[in-house]
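Since the structure comes first, as structure tokens, the remarks are kept for the end.
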Amino acid sequence: MAYKILVVDDSIFFRRRVKEILEQDPSLQVIGEARNGQEAIEMVATLNPDVVTMDVEMPIMDGITAVKKIMARKPVPIIMFSSLTLQGAKATLDALDSGAMDFLPKKFEDIAANRQDAVALLQSRVKSLCRKQHGLRPASVRVAPPKAILFNKPVSRNPAKRSVQATSSIPLGAPLYHSSSSGIPSGKKYRCLAIGTSTGGPVALQKVLTAVPKNFPYPIFIVQHMPGSFTKAFAERLNQLSQLTVKEAMNGEEVKAGVAYLAPGGRQMTVQGDSQRVSFRIYDAPDSADILYKPCVDITFASIAHVYHGDVLGVILTGMGSDGKLGASKLKSKGAKIWVQDELSSVVYGMPQAVMNAGIAEKEFSIDAFESHILKEMA
């Protein structure tokens, strides 16, 4: 039986092209088309789709408002189509905060031309969310503030920013801890934390980073699969929500302790240097069959392994595909510890599963448990 899809967009051309693309895959069936958010709410209630594709800008009711109402009344996986502008990036992040599970850039030219990479991307993203119907997160879940954890080497930083409630990305009733470990810190020496993620990552990263205290004594390197126009807005949002400084990494910038660096979208990020000084190399890489992502977790993690050797806690969060497996393997070979997000709390279990199946990961946690275990391990 085919998965049922509801397509929501005020453009009849875009709706029809999305329908044609999705139905090229026999496992996908578009059962309805809505012109605005209000129609989407009504059709979700009557048609029971497995997944909804949602535009942001629409008359009568916009996509963000519709997402909030759908997630409050009848939760269903939603994938947003967003313009590649700063405004579009901010709107998409709002939609993800409201409960949407994923997003895709809205590129009319790719859709119109029926480009095979665009076709494959849309079909794969929609099918991944169809498979993740169970265990939907609600629009918002209040999260208790983390207990204070003191580090031996406080770092200087700007005055603490305002605190806000984080949005949970795990289903209600999910266990908080899945590792067989007792949770006792290993006592290992660390010099940095490295995180790789893709689908579902924005909410997962927000959950983890908002729990990190301002005196965290190590740099944090983050690779999130995102378009170039999105990462700056995402870094700014995380910076507002977090106690520590979060910023988009810049070429040649010196790495500082207590700062979280987000890899710029559409480019590659590596670190270079020695024990005295580490800096970033941000560069444009040609398209390659071997490198599917910009930024790429494997590339960043490999450079971290070269500079920091085994003094690293490597984390792979929710995401599609297997990016991060090779990089995590290189970190592991140097003596680093590798943890992954569990299947139940992952929006898509592809990246964590690839690392688990390769025998690289030592521990597996739900996203709700990650923050406390990271802080305990690295304290």
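Don't overthink the numbers, they just go from 1 along the chain as shown.
Every residue, even glycine, has its Cβ placed from backbone N, Cα and C.
Under a cutoff of 8 A between CB atoms, and with a sequence separation of 6+ in the same chain, the neighbours of Ser198 (active site) are Gln224, His225, Tyr293, Thr318, Gly319, Met320, Gly321, Asp323, Val348, Gly350, Met351. Annotation note: Ser198 (active site) sits in a coil segment as assigned by DSSP. Marked as active site by Swiss-Prot: Ser198 (among others).
Here Swiss-Prot flags His225 (among others) as active site, drawing on sequence analysis. The Cβ neighbour count for His225 (active site), using a 10 Å radius over every protein chain in view, is 24.
The annotation active site is assigned in Swiss-Prot to Asp323 (among others) on the grounds of sequence analysis.
Annotation comment: Swiss-Prot describes 4-121 as domain 'Response regulatory', evidence class sequence analysis. Within the domain 'Response regulatory' (4-121), the DSSP-based counts of helix, strand and coil residues read 58 helix, 26 strand, 34 coil.
The domain 'CheB-type methylesterase' annotation in Swiss-Prot covers 186-379 and is backed by sequence analysis.
The 4-aspartylphosphate annotation in Swiss-Prot covers Asp55. A C-beta separation below 8 Å, combined with a sequence spacing of at least six in one chain, links Asp55 (4-aspartylphosphate) to Val8, Asp9, Asp10, Ser11, Phe14, Gly63, Met80, Phe81, Lys106.
There are 28 other Cβ atoms within 10 Å of the Cβ belonging to Asp323 (active site).
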